[in-house]
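The structure's right below; bear with me while I get my questions together.
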Amino acid sequence: MLNAGIPILEIIDSMLDEAKGKQKIILTKLKEDLNQGQSIYQSFANFPKTFDPVIINLIKAAEEAGTLEKTLKDITLGIKKNIEFVDKIKAALIYPILVFIIFIGVILVILVFVIPRVATVFTQLKIPLPLPTRILIFSSKVFVGYYPIVIAVTIMLTIILLLIYRAKKVLLLNLILSLPLLSRLAKEIDLTQFTRTMSLVLMAGMPITDALDLSQNIVNKLEIKQAISNCLKLVSSGKKLTNGLNKAKNIFPTIMIVITEAGEKSGSLENSMNELAEHFDLRVSQTLKTLVALFEPLLLIIIGLLVGGVMLAIIAPIYGLISQIGAR
């Protein structure tokens, strides 16, 4: 709409007609702020949970340079790519989460409906029970007899774990992301986010130091964050970005160093960063496919063994009784 020459306040009015919930609150506040002479970025800064520092700084630079239309278009494209990127990761997680939920459901059905009936039969027959079966019956009695307490304790533990996660989010996240199977994927995700943010910020005409400063807060892995911080220090001292990447070859792959160097020499670093973002995006897709192909059978085997173990604990005493009767 801005490209069509429509004033921004008219655009906001047209959007307010269809806006709901939080979107309506933000647009109303934006309209009020603009009428009072504030900038768009100043208004957006009032909603830090909705607009991250990258977007706010991009809009600030665009307003100062008079390139708001182009920057908003680039931001929209960047957000669209990020949504597609996140959806791709979520889609890969759906299968294992679904299988896990089904597994929990099966275990609950066994504990609530199957075990109590079987336990009654075992008691009437006075069958000697092995330890796994006794543990299973005890678990069933606790769950069925004290389910309000069990649910309350589960909720309480969940809240405690969430509080611990929020307090130690960075540490726990890096611990999880350092696991062998997830480390490579986490690195490729971070490099995708890093290069995409770099491209977006540089396209807005912001200095490379600002681009690095904003980009280092996008990544999750501490070693990548530190490597970007070191690059920022070198670039601030007058060195090329390539020099910084070369000092962390264990973090930044050769293809990234080569393409970045070519971009610096040709004066089109933003295009090089965009090319790298597409490259790492593809790598993430490939790694996700590999992990899903590996986890699917592994998850089924683990769940099969667990469910099989539970069923064996139920069947074993019955089989023992049949063997005793047969021996007589």
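Cβ atoms are placed via backbone N, Cα and C, with glycine included.
Bear in mind that TrEMBL entries carry predicted annotations, made automatically and left uncurated.
What TrEMBL records for this protein is below:
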- 1-116: domain 'Type II secretion system protein GspF' (DOMAIN)
- 194-317: domain 'Type II secretion system protein GspF' (DOMAIN)
- 93-115: transmembrane segment (TRANSMEM)
- 135-163: transmembrane segment (TRANSMEM)
- 298-322: transmembrane segment (TRANSMEM)
Residue counts in helix (H, G, I), strand (E, B) and coil for the domain 'Type II secretion system protein GspF' (194-317), per DSSP?
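Counting residues by DSSP class gives 101 helix, 0 strand, 23 coil.
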Please work out the mean pLDDT for the residues of the domain 'Type II secretion system protein GspF' (1-116).
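It averages 82.
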